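Asks: Dumping the structure here so I can ask a few things about it.
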Amino acid sequence: MATVAEPSVVSGGAHKASIRFTVNNVEHVVEGPNPRTSLLDYLRETAGLRGTKVMCREGGCGCCTVALMRPDPLQPQQMLTESVNSCLLPLCSLDNRHVITIEGLGGQRQGFHILQKRMVHYNALQCGYCTPGFIMQMYSLLAGKASPSLQEAEDLFDGNLCRCTGYRPILDAVKSFAEGQPGVVDIEDLKVCPHSGELCRLADGGSVVGLTKRFSAGGAEWYQVSSLLDLLNLLHEKMARKYKLVCGNTSKGVYKSDEPYEVYIDVKAVPDLNSVDLSTAGLTVQSSVTLTHLIGSLEDNAHESRSFSVLALHLKKVANHAVRNVASWAGNLMMKHEHREFISDVFVVLEAAGAQLCVRDIVSTMDVSLPDFLEIDMRGKVIVSMTIPKLDADESMNTYKIMMRAQNAHAYVSAGFRWRLCRHDGSSVIVQAATLVFSGVSSKLVHAYKTEKFLIGKDLGLPTTLKGALAELMVELEPEEDPVLASPAYRKILAMALFYKFYLLQVDDGVVSSRVRSARTILQRQVSRGEQTYDTQPDLYPLTQPLPKLAALLQTSGEAQFTDDVPPSRSELFAAFVTSTRGSANLASLDVMRALAMPGAVRVLQASDIPPGGHNTFMPPPFAPEEMLCSQEVLYAGQPIAFCLADSADVAQSMAGAIDVIYSDLRKPLISLDEAVAASSFWPSLEGDLKVGDAEGAIAKAPRSVQGEIHIGEQAHFYMETQVCRCVPTEDCLEVQTAHQWQDLAQDGVAYALGLKAKDVVVSARRLGGSFGGKATRANIVACCTALAAYLTRRPVRCAMNFNTNMEALGRRHRYLVKYKVGFHEDGELIGVLITYYCDSGSANNDSEVQETLLFADNAYKCANWHLISVAVKTDIPSATWCRSPGSLPVIFVMENIIEHIARELRKDPVEVQRQNLYRKGDITPNGFHLDYCSIRDVYSKLLQMADVTNRQADIVHYNASNRWKKRGLSVVPIKYGISWSFGHFLCAVSVYANDGTITISHGGIECGQGINTKVAQVCAHILGIPMKIISVAPTNTLLSPNAQATGGSISSELNCLAVQNCCDELRRRMDPVRESLPPNVTWLELVKACFNKKINLRAQHWVWPDDRNDGPQYNSYGVTAAEVEVDVLTGESITSRVDILFDCGQSLNPAIDVGQVEGAFIMGLGYWLTERVTYDPVSGRLLTRGTWEYKPPCSKDIPVDFRVHLLKDAPNPVGVLRSKASGEPPQCMSCSVLFAVKHAVDSARSELGLKEYFVMDGPATPDKVALSCLLDPRQFTF
């Protein structure tokens, strides 16, 4: 039993002010709980259950998902098991509830749960940080419905993000339980507690009706009311205080700045607020009914009104499962009430349906419409219920939500329409009443009243009616400017397009032409599927065997320990950064008094606290200095200024928010890349100019030429585990436990910052929860500041970076402005290529991509004349840094854009131009590299055949000719990706234990989801001829593997495998003479003991650092991808219908891992090109897309509907490690095929207007860009 001793207040007679609940069938009693403590913090910090992970604290990532068992408020005799975001759920709300965490399902001691095993079976995890959240989401579904439909399985993960896997295997895992699939389990088997062997139970004792519990701690009060009368009295009493009514507390994830409140009132236990009743008037729903239950009630009663199913379908697009399970519809309306700019889908659909609210206070009851509700002063009042009327037989209703990605995103625009129509024998359709509701256009607009009035009495079958209504809307819709939202132009035309969609639904087919009817519907996504093919060599097993990762099961149970999972010591301090709210200024002063006055506050570190002999930089020589903590000049908004230390993470974060920063000498930040280029704001560039032949001369003489300009945006790494470091001072050194890709840099950086020697700093990491390049150099600022705090306080210090701070303070993938000019023959053959890359390095240039742009610029195409210019641009944003496929991803897109431009100029299929220019064996690249093993033409031809590209292109032409408002596109993208080994160096060792023959491998790479540990173990087992189960891989540290290069560049796995191969070869050389003296069938253990008795050293180590190759990279990887999409021209939304990838992975060491790398890389790239928009405030320079509410990596329903990945068979790499090739980065460079497929669809839409010229589609091609590129105009909206 866990008890927290805090001040408590007793109310309700003898009713004790404590909460009682169970976690994994273990009872917990908390006396006087703090109203501001979340379930997540309690689980991790008090209960010690660290399998539940932390990321966004916004309910937007799913890492913290747990299951909650409680009585169904609509059917109290029934038990519900629902997923919840533990980061948002207040601990105080758990009275008489049962919580199930990942530890409650299973583990290595009690046995693993079937869900955990199924995830491993489908290879559905990589770094494993998000895995517990996915499994708990699965558990919550299957505990209530053991055999869901395939569609229910497909829809499940709308609130769970994964940056590694690409989602396909996770979806396969949950679909394996779907109805009609083999292996379905009994529902009760899912509920058995592995600890007790019994069904999970609730704590005894329900809520006591009529009594109100009151808790008071941490400066806040919590009231748990159990009757409506008590609630009304309490509201009257507290109306002058800052209070909040709590049902699910999910608004905290949207409007964090509203917190903290003085009083929290828990209303979900009030019986009078938890019912749903159907009457002739409609469906009456009480205010504590959750969105999930509202959706269920609407579906259950869909036969009563056609509008109910429309509402249910729309509400499923609100937030995600875990939010909807606890969030009430009334709470959503209250967010709209308090924040008029809030784009509330709940408000839109209820107002469109004609819902009426019942609002009460202590003296009165009023029935109000939703627009009137927005004008009411709600102090002391509560929404009691709403009534949704039934749709009359002559009414028609539909609603729409258009968003940046398929799931869990706020709307660009939401709209709801309800019209009463009189139909006269199909000859006319007269509007008798009209409701047009919009959200997202303007905070002031609810109804388009003038358009509603115009429509009354009009015949929808007349073109003049449509034209007139659109004219009214054109005037009535006045979008507001907002840098976070899409452009006003898009939001206006989108609102009109949604009106057009609904309008056409009301008009008979005889009036609407067949080509135009495609406007009526939204894009319909089918249940996704995947296919993976590869070959293996069973005689080499475990090499080439598709094995799960070594730690896969431990990752599924939450037992795989990440840095922040290490339990804190008694004296440990917690840290949080204070960051600037603007850039381009000077730091005048910091007022830290309020922060230091907080209970639990310890210290605030500033630049002046760096010890004598130390240096205020987290980048040691030879890198240019980058300040740990700003000393004077603020370079960018989000720059770390101070470091707060406290006895808890919450207090440290509160301290950071309480420090007042005063700025001086404010200047306009240079944010725009175009403006920076115009101002010649450049960093000194090294190796930024590559000339081969005479590109300018060749272009001037070429029969044909084109020129253009492209913009490519940034991309956040979005690793699920934020930057984290724990530093412990010992008698010998500083032990730095850090989630870092480059331990050698961390060691040098900490030593240099503190004025120590490298020997005084030991850096270690067991695993990372994702990295993608973002934890190479940028992780050093967290390591150095944490080490500084530990050094000064002589206490352990931990800093787990707040997600929003992480997004603001640390840089992303470089953005680009590219200008090109190209000459070519009439057949498309390249003659000369001139490209200038303006690469934005931000406020520092340590992680420049200048060289990478030159290495990958040619992609897979031959040309005799090149002039490549790469310029590092200086702007006032965080220093850009390496991100998966640095440099190569954007510049390959540029080259493909050039191919597309040439094809359009020549009126050819881009496939023709690609084939005309593809490299051949023996060609030489512009960097002088010889292509001795070039197979790109063969791979290209195979992919075209496998993907049936020719026939599908013909089908697309026919489809597009038949549909005005839906268009399809298909694109093919090849790659040549050079893999260079010369910058990688690692020390590896293989140690054999004489006692039992087991083996431990230590290597210099970092396990971050790419499967490096598994591959080195496979190599070891293969060469020594031993089973995998006797091999373990030690955590990486600077003692065992000093001087190691960063893990990255797709080479760390293979170079460490090479080193382990050499270690094992050395061991075999030592052991072979002994083996020859023993009987033929000697066991491994007998051989080991015999060698030990012969005094043979059973530890071998190898330092790998390949020499430079003058003739090019170690080898090239080749691949080709075909992507097909469908675009809704009216909204700009797209569905990736099918993707076929053929990738040359050599002879894969582990096809399961390599397929996962291919899929994960591709989907990360898909986000880069389609959904992940980065926006800054133009005045302050502050990042506006710094949370899950604004920044949108792909979700599980953004992946291709049909996702086919093929590893090239019978393609051993003669110069690779055991004939293999890398897989981590090259496939990502083919993801631009999706953008080009979208572009081809847009081309078809533009051709409807007679436009044939080439146009540029910059990345990311978000729906607003796509729709505007289609040149929509309301005058095009016809029958």
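Backbone N, Cα and C define each Cβ position, glycine as well.
Pulled from TrEMBL, these are the listed features:
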type	residues	note
ACT_SITE	E1225	active site, proton acceptor
BINDING	C56, C61, C64, C87	[2Fe-2S] cluster 1 binding site
BINDING	C127, C130, C162, C164	[2Fe-2S] cluster 2 binding site
BINDING	S328, W329, A330, G331, N332, K401	FAD binding site
BINDING	Q741, F772, R884, G1049	Mo-molybdopterin binding site
DOMAIN	17-105	domain '2Fe-2S ferredoxin-type'
DOMAIN	215-393	domain 'FAD-binding PCMH-type'
Asks: Cα distance, C130 ([2Fe-2S] cluster 2 binding site) to C64 ([2Fe-2S] cluster 1 binding site), nearest Å?
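Replies: Pair distance, Cα basis, whole Å: 8 Å.
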Asks: Which are the residues of the chain, C56, C61, C64, C87 excluded, whose CB is within 8 A of where the CB atoms of the [2Fe-2S] cluster 1 site average out, their centroid?
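Replies: Leaving out the recorded residues gives L40, K53, V54, M55, R57, E58, G59, G60, G62, C63, N85, F803, T1188.
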Asks: Cα within 10 Å of C61 ([2Fe-2S] cluster 1 binding site) is the criterion; apply it to the binding-site residues C130, C164, A330 and give the hits in sequence order.
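Replies: Those near C61 ([2Fe-2S] cluster 1 binding site) - Cα within 10 Å - are C130, in sequence order.
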Asks: Going by C-alpha distance, which of the binding-site residues C56, C87, C130, R884 is nearest to G331 (FAD binding site)?
Replies: C87
Asks: To which of the binding-site residues C56, C61, C64 does the lowest count of other Cβ atoms within 10 Å belong?
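Replies: Comparing Cβ neighbour counts within 10 Å for the binding-site residues C56, C61, C64 gives C56.
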Asks: Name them in sequence order: residues not among Q741, F772, R884, G1049 whose Cβ is within 8 Å of the mean position of the Cβ atoms defining the Mo-molybdopterin site.
Replies: S771, G773, G774, A776, W882, C883, P886, C1008, T1047, G1048, G1224, E1225
Asks: Across all the protein chains here, work out how many other Cβ atoms are within 10 Å of the Cβ of C162 ([2Fe-2S] cluster 2 binding site).
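Replies: So the Cβ neighbour count for C162 ([2Fe-2S] cluster 2 binding site) comes to 31.
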Asks: Can you tell me the CA-to-CA distance separating S328 (FAD binding site) and G1049 (Mo-molybdopterin binding site), as a whole number of Å?
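Replies: So the Cα of G1049 (Mo-molybdopterin binding site) lies 47 Å away from that of S328 (FAD binding site).
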Asks: Where DSSP helix means H, G or I and strand means E or B, what are the helix, strand and coil counts for the domain '2Fe-2S ferredoxin-type' (17-105)?
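Replies: Counting residues per DSSP class in the domain '2Fe-2S ferredoxin-type' (17-105), I get 15 helix, 31 strand, 43 coil.
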Asks: Going by C-alpha distance, which of the binding-site residues C56, A330, Q741, R884, G1049 is nearest to C164 ([2Fe-2S] cluster 2 binding site)?
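Replies: When the Cα distances are compared, R884 comes out closest.
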Asks: Using the CB centroid of C127, C130, C162, C164 as the [2Fe-2S] cluster 2 site centre, which other residues of the same chain sit with their CB within 8 A?
Replies: L125, Q126, G128, Y129, T131, R163, T165, M720, G769, G770, G1009
Asks: Out of C56, N332, Q741, E1225, which of these recorded positions is nearest C130 ([2Fe-2S] cluster 2 binding site) by C-alpha distance?
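Replies: Nearest in space to C130 ([2Fe-2S] cluster 2 binding site), counting only the recorded positions, is C56.
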Asks: By the count of other Cβ atoms within 10 Å, pick out the sparsest of the binding-site residues S328, N332.
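Replies: It is N332 that, of the binding-site residues S328, N332, has the fewest other Cβ atoms within 10 Å.
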Asks: In angstrom units, rounded to an integer, how far apart are the Cα atoms of C127 ([2Fe-2S] cluster 2 binding site) and F772 (Mo-molybdopterin binding site)?
Replies: 11
Asks: Rounded to a whole number, how many Å is the Cα of F772 (Mo-molybdopterin binding site) away from the Cα of C87 ([2Fe-2S] cluster 1 binding site)?
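Replies: Rounded to the nearest whole number, the Cα-Cα distance is 25 Å.
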Asks: Name, in the order they occur in the sequence, the residues of the same chain whose CB lies under 8 A from the CB of W329 (FAD binding site) and which sit 6 or more residues away.
Replies: V285, S287, V289, T290, L291, L294, V346, L350, M386
Asks: Rounded to the nearest angstrom, how far is the Cα of R884 (Mo-molybdopterin binding site) from the Cα of E1225 (active site, proton acceptor)?
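Replies: The separation of the Cα atoms works out to 6 Å.
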Asks: What same-chain residues, at least 6 away in sequence, bring their CB to under 8 Å of the CB of G1049 (Mo-molybdopterin binding site)?
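Replies: Expected: S980, F983, G984, E1225.
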